[in-house]
Structures are given as structure tokens and as C-alpha cells.
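To keep things clear, I will list the structure first and then write my remarks on it.
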Amino acid sequence: MNDMLRALGRALVSLLHPRMLWLTAMPFVVSGLVWGAVIWFGWEPFTDFLRVWLEQWSFTQWIYRFFNYFGVDSVRMALAPFILVALLVPLIVVTALLLIAGWSMPAVLRHLSRRHFIHLEARRGGSFWGSLGQSLGATAVFLVAALLTLPLWLVPPFFAIVPPLLWGWLTYRVMTYDALAFHASPEERRRIVRERRLPLLVIGVATGLLGSLPTLLWVSSVIMIVLFPVIALLAIWLYVVIFVFSALWFAHYCLRALSRLRLEEEAAARHEPTLGATVLPMAGTPLPETEDLPPASSASGPHGSHGSPNGSS
């Protein structure tokens, strides 16, 4: 817990560094341009398609009648935009996360290496393709799980439980690999993930909860359709800032764990006896050669063991 809180404090301080704030620019610009164009040109066609599709379902008609009974007639107009936002948010967040992992995370590690972890040897246990494979594999699992659990995102209390868990798992899987890719060997990375799986997941869930803050902006933009483009850009920027902060938090925690792991291994190596280093008694004294020993018969004289040098018995 102390390591998590210490890493949290250092991540907050690092986030305010001008270089870290600059790292939020590129992912924001790319995500904003791509998804801004999708929203600008595709909002009306997609919402019209969803309205027609929803009209075909008897369950949707029951929802309309239920809210009409209480005098809420705007549900028919708001349901399709709400579902479209629910579909867009995971895609936008995943885009920002992949951009952070591929572009910002290496810069974060270089920044921290120069300022806080200059003593750590870089063993380069990860690679760009390994990071890409890890990110795409975890993202595929996340999208499948998100689609399977999408109905729960609209049902209390699951809407407050399922998304943070999914975002936390995805963030933990992607960020941990990237945080250790440059400094740790594959064995060290696997050991840290195995031994610190729960704290890493907690950090992921915490950042996942932070990632739910822009979702409130998405919901408000559904209510205020006129402000949707502006709020969408603001939400994308918040996602990018939160993910840069997440990268800093994971990097501080993982690199500190790596530093501690190596110190423990060095201490164990110093105190662990080995056969080659064992010094036996008299090991440094050469044994006498055979020819330097007196003959066995000289000890009892030339006449045998019962005789004497004078020949008397």
C-alpha cells in the first residue's frame, strides 16, 4: 500500500512537468481528428439507423410505454444517441490508450529514467512488437467482454462496477508491459506481474474510475446535443490526460518494484554460499609429495618391528 501511495504522489508531481503535459498533445490531436470526423459526418446517419433498428424491438416499445406512463416522452429521442455514445466511448478510449502506450509511454520512461531511476540497468526485455501484440490481444479481450456485458452498463449497480473492472484490467495489462519493457528482462517482468498482480490491478481499477469522469461529460452531451462536439473534444482530452497520469503511476510503481527486486537478488547472491566459493580447511597448504615421506621401514629400524637400533630385544 505504501508503494502504491508513494507512486501515486510521484505520478501527480510528474504530471505537472511541462514535458508530461506536452505528451498529451499528440494523442489528443490524433484521437480528436479521427473521432471528431466520425462524429461530425456520421452522427445523424448512425442515430437514424439506431432509431429504425430500435423500433423493431418489442422490448424497446415496452421501455417507451413505461416512460410515457410517467410523462417522460423524450426517451424516444434520447435512447438512440445514448446507445451511440455507449458504443463510441470504448472505441475512443481504446484509441487514446493505444496511442499513449505506443508514443507517450516510451517518452515517460525516458523522462523517469533520467530523473528518478538513473541507476537501473536497461535489460530491454520488451520490444515494440511485443508491446503491440500485448496491447492488441488485451484490447480484443476487452472489447469482447465489453460487448458481452454492455447491457449491464445501463443497470444499477453494475454500471458502477463492470466498466471500472474492465478498464482496470485493460490498463493493467497494457501499462505493465510497457512500463517494464525497457528496463526489465522477461523473467523480471513476469515475476513482478505474478507477485504484484493485485496492486497492479488496484492501480488499473483506480485509473479506470478516473476514466469514468469523462463519461459524465458524454452523458451530459447526450442531453445537450448542441454542445456535443465541444464536450466530445473535452472528454477526449481528459481521457488522454488520465492515461498519461496512469502511465506515470504504473511506471513509478513498476520501476520501484524492479529496483527493489534487483536489490533483493543482489543481497541473496552475496549471502548464498556456493561450492566454488567454499574454502576447505588447509585448502591453501600443499600436500607433501610422496617421495618426501620417510620409508615405512625406517620407523622400526632395519631389523623389524621388534628389534632395536642396537639389536637387543
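Glycine is treated like the rest: Cβ placed from N, Cα and C.
Residues or ranges marked as compositional bias 'Low complexity' in TrEMBL: 294-313. The feature region 'Disordered' is assigned by TrEMBL to 279-313. The transmembrane segment annotation in TrEMBL covers 21-43, 78-105, 126-148, 154-172, 198-219, 225-251.
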Other parts of the chain folded back onto the transmembrane segment (126-148), taken as Cβ under 8 Å at six or more residues beyond its ends: 90, 94, 97-98, 101-102, 166, 169-170, 173-174, 177-178, 180-182, 184, 186, 189
For the transmembrane segment (198-219), distant same-chain residues with Cβ under 8 A (at least six beyond the ends): 3-4, 7, 82, 85, 89, 93, 163-173, 175-176, 231-232, 234-236, 238-239, 242-243, 245-246, 249-250, 253-254
Contact set, same chain, for the transmembrane segment (225-251): CB under 8 Å, 6 or more residues outside the stretch: 7-8, 10-12, 14-15, 20, 23-24, 27-28, 31-32, 35-36, 39-40, 43, 81, 92-93, 96-97, 99-101, 104-105, 108-109, 112, 171-172, 175-176, 178-179, 200, 203-204, 207, 210-211, 213-215, 217-218
